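Notes to accompany the following structure.
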Amino acid sequence: MKTNYLILGVSTLISKNVGHISQIIGPVLDVTFPPGKMPNIYNSLIVRGQNPAGQEINVTCEVQQLLGNNKVRAVAMSATDGLTRGMKVTDTGAPLSVPVGEVTLGRIFNVLGEPVDNLGAIDVSTTFPIHRSAPAFTQLDTKLSIFETGIKVVDLLAPYRRGGKIGLFGGAGVGKTVLIMELINNIAKAHGGVSVFGGVGERTREGNDLYMEMKESKVINEQDISESKVALVYGQMNEPPGARMRVGLTALTMAEYFRDVNKQDVLLFIDNIFRFVQAGSEVSALLGRMPSAVGYQPTLSTEMGSLQERITSTKEGSITSIQAVYVPADDLTDPAPATTFAHLDATTVLSRGLAAKGIYPAVDPLDSTSTMLQPWIVGEEHYETAQGVKQTLQRYKELQDIIAILGLDELSEEDRLTVARARKIERFLSQPFFVAEVFTGSPGKYVSLIETIKGFQMILAGELDGLPEQAFYLVGNIDEVTAKAETLQMES
């Protein structure tokens, strides 16, 4: 692919420092420069030339180490096939820069900020370097506020913090992608915000599927691309470790522009944060650093911190991040997930059991947690309602073994009432999504936090004990439950 030098923050490569490749070890290059002409750490270098077959080569690298004797060690952002010793390397004199702003919406980019969706070039008049400092303390917004998503189970039981970081846990086929798309849709409608999706080291097929589903659900508008609500940045499994290590920063940089310049609320999705750590581990080994615990890089905490600290609320806007977390061998004490947990404000756990029952979103109400669910943050009413819902569901879980063996009739009157209410709560936690309208045929619902609390209070208080369970399934607020119950009664 032809490299756009404007994207790299360089208008011309004439009069730049030029060196030559002295060693190639996979994706790592050693480059020798003339004395006194050494590039800085994180500067991007460009290797141009022709391979033995006569094809053009254009490889961008990032300086990682200064080795002495006028040598630097750099990591390639694309495949190093066809590179040979002695090839000329040009120092651009600046870190890698990527395009930012409205031009990125509805498009797919690689780590270098080049469009890879075959929809033509984009305007690159505004670029940001991918290595930036976290906002200063004086710019931070320290007020704790809830980020309302319009999804009942999330807002009530594991509320997101505005400018916070949320871990999304779930296996294959339980609805992670649909939940992500609904959040992208809701932030655009309710908050006037935009989203950036960073695909870090995941399957190319999944990235393609997500793009197709976003077009189908109109999150990406093919007819008018400027009406799209999301920018996509992909550095998938087949990319070299340098690209996978930096693609998260490319996505974050695009999100920072919307927060700092456009003063918007931004959702940043990173799928998968573990692959960011994994790529860093590969690069660390290639650079010859001594590995730390379990073979991870010694700079694990620093690398994670430099990414996570840039994700925050300022007085201008906010970046709320939702990060899919892969847990290797289901070991939560592994250094990669353990380091990630230190930064998270909430966890959303998707349950295969709920998905099997047809309850979507399949968010586990008992396993999902949030640091925001405190009475002095969300208020006494919200806190008490959430605790009541959790207690009822927990009691139902404890009684399930007895019900399976002896049947419902053997329970006490009080327990039978608890089970009936718990089953209604379980169904009321389901909700039709806007982005799933094309599959389900039922219109999506955005439920405000006030309506959510009111609905669950009425169920817990026994005001709706007379309504059938089916009336609570896949509806929005409590008024729709009573309307659905009347319809069911008329039909029967």
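Every residue gets a Cβ built from N, Cα and C, even glycine.
Keep in mind that this is a model prediction, so the values were computed, not measured.
Now, the feature entries from Swiss-Prot:
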- Gly170, Gly171, Ala172, Gly173, Val174, Gly175, Lys176, Thr177: ATP binding site (BINDING)
Review point. Whose Cβ, among the binding-site residues Ala172, Val174, has more other Cβ atoms within 10 Å than any of the rest?
Key: Val174
Check your understanding: What does DSSP call Thr177 (ATP binding site) in the simple three-state scheme?
Key -> helix
Practice item. Tally every other Cβ atom lying within 10 Å of the Cβ atom of Gly173 (ATP binding site). Key: 11
Review point. If you draw a 10 Å sphere on the Cβ of Gly170 (ATP binding site), how many other Cβ atoms land inside?
Key: 21
Review point. Apart from Gly170, Gly171, Ala172, Gly173, Val174, Gly175, Lys176, Thr177, which residues in this chain have a Cβ no more than 8 Å from the mean position of the Cβ atoms of those residues at the ATP site?
Key: Leu350, Ala355, Ala362
Practice item. Going by DSSP, give the three-state secondary structure for Gly171 (ATP binding site). Key: coil
Study note, to complete from the structure: Cβ neighbour count within 10 Å, max among the binding-site residues Gly171, Gly175, goes to Gly175
Exercise for review: Specify the count of other C-beta atoms within 10 Å of the C-beta of Thr177 (ATP binding site).
Suggested key: 18
